[in-house]
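The structure is given below, and queries will be raised subsequently.
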Amino acid sequence: MTAAPLLEVRNLRVEFPTRRGTLVALHDVSFSIAPGEILGVVGESGAGKSMTGAAIIRLLEPPGRIAGGQILLEGRRIDNLSQDEMRRIRGRRIGAIFQDPLTTLNPLYTVGRQLTETMQTHLDLSNSEARKRAIDWLEMVGIPAAAQRIDSYPHEFSGGMRQRVVIALALCAEPRLVVADEPTTALDVSIQAQVIALLKRLAREKNTSMMLVTHDMGVIAETADRVAVMYAGRVVEIGPVREVVKHPHHPYSIGLMNSIPPLDHRVERLAQIDGAMPRLNAVPPGCPYNPRCPKVFDRCIVERPDLLDAGSTSAACWLYDRAEAPHV
Amino acid sequence: MFAFILSRLLQALPVMLVVALIAFAMFAYVGDPVSIMLGQDFTEAQRDALVRDLGLDQPFFVQFARFVGNAVQGEFGLSYRLSRPVAELIAERAPATLELASCAAAIALFVGVPMGVFTGLYRRSWLSRFFLTFSLIGVSLPTFLIGILLILIFSVWLGWLPSFGRGEVVQIGAWSTGFLTGAGLKALVLPSITLGLFQLTLIMRLVRAEMLEVLRTDYIKFARARGLADRTVNFGHALKNTLVPVITIAGLQFGSIIAFAIVTETVFQWPGMGLLFIQSVGAADIPVMAAYLMLIALVFVAINLVVDLLYFAVDPRLRADRGAVRGT
Amino acid sequence: MAAAAARFFDSDLWWSFSRSPVAVLSAVVALLCIGGAVLAPWIAPQDPFDLATLNLSDAFKPPAWAEEGDAGFPLGSDDQGRDVLSAIMHGARVSLLVGVCAVLFSTLLGVSVGLTAGYLGGTADALLMRIADIQLTFPSILVALLVDGVVRAALPRETHDQIALFVVIFAIGISNWPQFARTVRGSTLVERNKEYVLAARVIGLSRLRIMLTHVLPNVLGPVLVIATLNLGFAILAEATLSFLGVGVPPTQPSLGTLIRIGNDFLMSGEWWITIFPGVALVAMVLSVNLLGDWLRDALNPRLR
């Protein structure tokens, strides 16, 4: 950790009030992102990765709401801003990239119009300046013949090209942070690497920080500086990418990393974690991972661990509590 | 584009021919046109002359071809009831019906669409609930009862508006209009509300449903994530996307407005084509019924064509083949 | 029988019904309307068709709660001293009869066409569905009016008056079959390719037999829903035709006829003669429609 963090999330709690009681979707989620840093967020579907991103840009699906904690951007709280103030932050300070490029672009407007309206909402640009910049952006994200393509409609682009347009849209008002929610999941495997490389290059060039939500460990290993592992609405481990991938500490992370097929040798059978992640209305007391954890002990069943210093990473596991040291 | 219109016209042709066949069959085989036209006293020679004159001694296809040929020129023979050319009768009555129908359509569109947008955007407000309840009544009340209720309230009890007729009309060439006099405009109010109310509630419900659907889409969420103003998102991005289905239904509804004018014109003794038609049904005046059927079919075909052209204007995806030709 | 009843009250349908206040209320109103209509000859205060009981001095009595009201005429009386409530009950009887028969007719026609088109496929299918499409282009009330007009022109006046009720049923029924045909065709296309139909064919059952005993029962669910929703429409269509003066003959006045007749007295202030039949009509149609909506949602939760 060098400079002051760009984004800081402290004990974020997101709830969904339902007829059968309140579901807690995010539980004491805390992490920070330094300027220019790429934070990978991994976990199974439903672990709360995407919801964390949605909460940061305050676009939670109703009736979801932030019920506690703080979100700070450049040291200023943004979780209590008015809708209008928040709108000025979206796009301008925090950009967003969604999963499916086929559905993220408005089918009835040209890509040029969508770019210029975004830039002109946030930046003081004349129409011709905005159009010129829109062409520049399309070139930057690698759209060939950008000057002609600017007047095309989304359906005239392939999926990969559309995701490049989405990336241009997310970055065109020069935000300091981009929340990228599974940006390659919906793409062809052959395109995924290109899009990830593009994202990484642009983030480095513009010194933009990124929160990269994905369940693809390969993408994380290649792109992220640090990684947060999420499970059942909690961050269970966070640390530098090399450490989390090579030497994970939390039993869940260990299981997760073991389930990635190694490239250098054949294995007969991939390791897998038995059982399934609990549903939100059935999270057990204590550590949420306790029913599946191979190293579970008494304390895990009654008391929930916070992130603890586990050496090179932090892990929410009682194994790393000083008092339990003999177990390590 | 031209090819598209041509293909739609070719599709409409068989529909028109089938309708013409029905109209012709009514004309030729229902009742006995010869004895109706001749009245009580006639000689055998007169009868034969008329049969030859009408071409009733010709084979079926010749008769049908002649009927179609005449119909294209607007020639439908004499009304049994009024002994005047049907074309003349209809031309006299058409302005009244068209003015009524366009006022009703304007009310349905310009009130229905905003109400639909409002109820879609502010689902939980009490005003939306009020609009929805009101629309339920609009759908369940038959048109003639709405007319009767309006007459009872505004003509009988309050005495504000006339309960029958067109008020004062001004003759401009062959067109008689009620738009130019105060009495003519006053006379239009109750009938157009009566006729437009059902369509209004239908359009409102449709716009609301489409709005709710569109607001859930990724591209609307992405538009918000880009920090666009709520106004731009709701009335630009969202509303434009609801237009495609709304155009279809609204177009078809305009056709039914002309058909439902029959009921409204009866309630308000409005001297239009509908009243003429219902009097003809009561008197079994086949030529008028046949002509009216053809006219309505023509209106529906024309409306379908206009709807298709509007699609073209709104939705770029339908213009896909043009983009391919441009080779971009 | 008791077992069947017990099973019914235990079913999901009953559970969802008892949980929906709108459905229960609609059912109560619908039952009141239908009960009043069916039992009219026995429970109506007066026989509106028996001229001997009519007394002109009773004419134009306002509703009972008004100043000059008469308790013997709860909803007032018309120009001939006829009790409006009794007229409504008898009128509702005609409306309901026409509505139910018209729906049965369009169901029968639509289901036969849909089954045939869906099961045979090919040219027969294309032709039948094209006809349905063309008819669907026009508002059904217009179709009903045309059919009524054509029949009127084709028959001598006396014959027409005798069978006018059937003509109306026929006209409304004809105007509405395509909806049934389309739905049934759709479901038939799905059912036709299922294993059990294949099995029946392998056994060597005839086409007709397969259609009637194997395919038909499996497509009846949606038909029931459409039929309920169409009952409201058919009652309204009949009322509209009668209001326009081309529906049921004046000797058997339906609610629409009553509204038409009462309409003449609207301007002179005797509003109850036309408004109360209107209220009865709306109550009947609205309750039937709401029941239909509920049934659709209850039978197919995905459509909600």
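Placement of Cβ uses the backbone N, Cα and C atoms for every residue, glycine included.
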Pick from B:172-198, B:199-225: which range does TrEMBL record as transmembrane segment?
B:172-198
Compare B:12-30, B:130-160, B:172-198, B:243-270 by their Cβ pairs under 8 Å to the transmembrane segment (B:98-118) and return the stretch that comes out on top.
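Ranked by Cβ pairs under 8 Å, first place goes to B:172-198.
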List, by number or range, the same-chain residues at least 6 past the transmembrane segment (B:243-270) whose CB is under 8 A from its CB atoms?
96-97, 100-101, 104-105, 108-109, 113, 142-144, 147-148, 151, 163-166, 190-191, 194-196, 198-199, 202-203, 206-207, 210, 277-278, 296, 299-300, 303-304, 306-307, 310-311, 314-315
For the transmembrane segment (B:130-160), find every same-chain residue at least 6 residues outside the stretch whose CB is under 8 Å from a CB in it, and list them.
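That would be 115, 118-119, 190-191, 193-195, 197-198, 200-202, 204-205, 208, 260, 263-264, 266-268.
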